[in-house]
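Asker: The following block contains the structure, expressed as structure tokens.
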Amino acid sequence: MKASAALLCLLLTAAAFSPQGLAQPVGINTSTTCCYRFINKKIPKQRLESYRRTTSSHCPREAVIFKTKLDKEICADPTQKWVQDFMKHLDKKTQTPKL
């Protein structure tokens, strides 16, 4: 039993100091943020500020991450029509010059 506990401690210590253990966690570097769940309902357009797509090979699925005016990030399914419409809306909004 003591040998098993010692082996477990050794393995955990080795894992903690391995290159993978020292890598940044998913979500700290914006280029590797992954979405594991998508919002089920539409977000009011007026609350949205911007969006970005996640296409990292480290992520299980492609996603669109909407950023709200309150600085929240919301994951959405890019295959949903409303998500595509909102992306087009935000694209037009950013292309329109402000006077």
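Including glycine, each Cβ sits where the backbone N, Cα and C put it.
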Asker: Identify the disulfide partner of Cys34 as annotated in Swiss-Prot; candidates are Cys9, Cys59.
Answerer: Cys59
Asker: Candidates are Cys9, Cys35. Which one does Swiss-Prot pair with Cys75 through a disulfide bond?
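Answerer: It is Cys35, per the disulfide annotation in Swiss-Prot.
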Asker: Per DSSP, Cys75 (disulfide bond) is which: helix, strand or coil?
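Answerer: DSSP call for Cys75 (disulfide bond): strand.
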